[in-house]
Amino acid sequence: YTLLCYKTPIPINAETCPPGENLCYTKMWCDIWCSSRGKVVELGCAATCPSKKPYEEVTCCSTDKCNPHPKQRPD
């Protein structure tokens, strides 16, 4: 079984993760355009949940397409 995760960059597509990568992750942080464009969002597959830097938000999940882009989620 291989997991389906959304991956950036845009266009954001759900892709099959490589064997051994059984988590989807969402990583968000602010860059210099944060006030006008919002947070930078990185989506992808991982074998282990990426470690979080102090300025980042990282969430991981383990079901197909469980990491949609925050702006694409219904409110």
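The count begins at 1 with the first shown residue.
Cβ from N, Cα, C; glycine included.
Listed in Swiss-Prot:
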DISULFID  Cys5-Cys24  disulfide bond
DISULFID  Cys17-Cys45  disulfide bond
DISULFID  Cys30-Cys34  disulfide bond
DISULFID  Cys49-Cys60  disulfide bond
DISULFID  Cys61-Cys66  disulfide bond
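In this structure, Cys30 (disulfide bond) belongs to neither helix nor strand by DSSP; it is coil. Here the disulfide-bonded residues are Cys24, Cys34, Cys49, and the one with the most other Cβ atoms within 10 Å of its Cβ is Cys24. Cys60 (disulfide bond) counts 15 other C-beta atoms within 10 Å of its own C-beta, drawing on all protein chains shown. Of all the disulfide-bonded residues in the list Cys5, Cys24, Cys30, Cys34, Cys66, the shortest Cα-Cα distance to Cys60 (disulfide bond) is found for Cys24.
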